[in-house]
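**Q** When I checked TrEMBL for this same protein, it listed these features:
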{"type": "COMPBIAS", "residues": "341-352", "note": "compositional bias 'Basic and acidic residues'"}
{"type": "COMPBIAS", "residues": "359-373", "note": "compositional bias 'Basic and acidic residues'"}
{"type": "DOMAIN", "residues": "12-215", "note": "domain 'Neurotransmitter-gated ion-channel ligand-binding'"}
{"type": "DOMAIN", "residues": "223-458", "note": "domain 'Neurotransmitter-gated ion-channel transmembrane'"}
{"type": "REGION", "residues": "341-373", "note": "region 'Disordered'"}
{"type": "TRANSMEM", "residues": "218-242", "note": "transmembrane segment"}
{"type": "TRANSMEM", "residues": "248-269", "note": "transmembrane segment"}
{"type": "TRANSMEM", "residues": "281-303", "note": "transmembrane segment"}
{"type": "TRANSMEM", "residues": "442-460", "note": "transmembrane segment"}
Amino acid sequence: AVESAKGKYAHMLFNELFEDYSNALRPVEDTDKVLNVTLQITLSQIKDMDERNQILTAYLWIRQSWYDAYLKWDKDKYDGLDSIRIPSNLVWRPDIVLYNKADDDFSEPVNTNVVLRYDGKITWDAPAITKSSCVVDVSYFPFDSQQCNLTFGSWTYNGNQVDIINSLDSGDLSDFVEDVEWEIHGMPAVKNVITYGCCSEPYPDVTFTLILKRKSSFYIFNLLLPCILISFLAPLGFYLPADSGEKVSLGVTVLLALTVFQLMVAEIMPPSENVPLIGKYYIATMTMITASTALTIIIMNVHHCGSEAKPVPQWARVVILDYMSKIFFVYDVGENCTSPQREKEQEHKLEGEDVCPGGDKEVRSHLSSRNDDSDLKEKLNGNLNKSCGVHGEDGRENVNCCSCYKMLIKNIEYIANCVRDHKANRAKGIEWKKVAKVMDRFFMWIFFIMVFFMSVLIIGKAA
């Protein structure tokens, strides 16, 4: 019975209030009086942040309240009825819109009910999915922070007709749904009064600044960490043996991999002049890899210098072969695969073997030493003189023997010269190979240090 009585009074109240009511004009008794509208914004969810198009999509609850001078009643006459819920299109509503709206849909606000109190206070709560323009600064992506403004104001009423008042000093974040990509660090509200060029009257507005901090874990594990691991492969190209044929191909492969990551970052970033931090890291790494590939090609040319090349200059012999090889622990070519102690044992074993039987052992032992060629020649000449100095009935055989010795001496001299030239050319090639190996180790450590410092620098930017 009580509920039916209240329903009866509500119908009676509704008919009496809206009998001569018009929602087309401001509900003020004096047209010179300012109508105050209290605005409150509740952020419920961030649906999307489109960095490329610079659009923020948010789900908001917009609460507006004002006093209507023509919608008042004495609640005692209506059995204590102090409020009613009616459709919002029946009453006058302020035309408060989002100034920086970036949506193609210009539909009307959601036609929810309003709460009308006996003293004329109207409260209108309406949900809205807004798309607002946001100036995105991607200089420190993926460790960036963004500030997006939501500016609300009346579209036709100036400040002398409708004034907007902040309900709170900031937006309400008590019902915010946690976002997977962004952290909310505040939503302060500021009232502004602006005079536009079209009109002389002031136009007030309320600007809510949404402070966002990006959660960078996703981008660290999917964009940054693979780049760091790939960039550490570039200096290892200097450690590859030059005869493997994979030094240049490794650098080119790493360069192509970084190019793919660079294109992935470019697809999600706006085409602005501000290059993101991760993009700068990619460019620096790609430049380093390009330089390392070029240096690898130059070093390979040095490695393959043959007998036709000039000898190693004296300054390179002193600086590179004497000092830098000791600093970077570079031994002779092939020595890192076979220890020096093992090589010495093999040399002693070869020297101790009896490879030349009888009198030939003495001659071949002299041929095996580079410094004993002159002694061998003098000994052979002495034997030749003794043989040629014998006179008797075997003189003709001795003359033939002398000619044989002379021919033998010429052949031995030719063989010794060939062996000597071959050893000199081979030593020259080995020296150039060692120079190339030392330069490989030198640049390997230089590029390792560069990659390390670049990685520390970008991680330091995150802190």
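Each residue, glycine too, has its Cβ placed from N, Cα and C.
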**Q** Sequence-remote contacts (6 or more beyond its ends) of the transmembrane segment (218-242), Cβ cut-off under 8 Å?
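**A** Result: 141-142, 181, 248, 250-251, 254, 257-258, 261, 264-265, 278, 281-282, 285, 288-289, 292-293, 295-296, 299-300, 303-304, 433, 436-437, 440-441, 443-445, 447-448, 451, 454-455, 458.
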**Q** What parts of the chain pack near the transmembrane segment (248-269), using Cβ distances under 8 Å and only residues at least 6 beyond its ends?
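**A** Residues packing against the transmembrane segment (248-269) from afar: 51-52, 138, 141, 223, 226-227, 230-231, 233-234, 236-237, 240, 276, 278-279, 282-283, 285-286, 289-290, 292-293, 296-297, 300.
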**Q** Mind checking which residues of the chain, 6+ beyond the ends of the transmembrane segment (281-303), have their Cβ under 8 Å from one of its Cβ atoms?
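**A** That would be 224, 227, 230-231, 234-235, 237-238, 242, 247-248, 251-252, 254-255, 258-259, 261-262, 265, 275, 432-433, 435-437, 439-440, 443, 447, 450-451, 454, 458.
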**Q** Same chain, outside the transmembrane segment (442-460) by at least 6, Cβ under 8 Å from its Cβ: which residues?
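**A** Contacts with the transmembrane segment (442-460): 224, 228, 231-232, 234-236, 238-239, 277-278, 281, 284-285, 288, 292, 295, 299, 324, 328.
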**Q** Within the domain 'Neurotransmitter-gated ion-channel ligand-binding' (12-215) only, compute the mean pLDDT.
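**A** Mean pLDDT across the domain 'Neurotransmitter-gated ion-channel ligand-binding' (12-215) comes out at 90.
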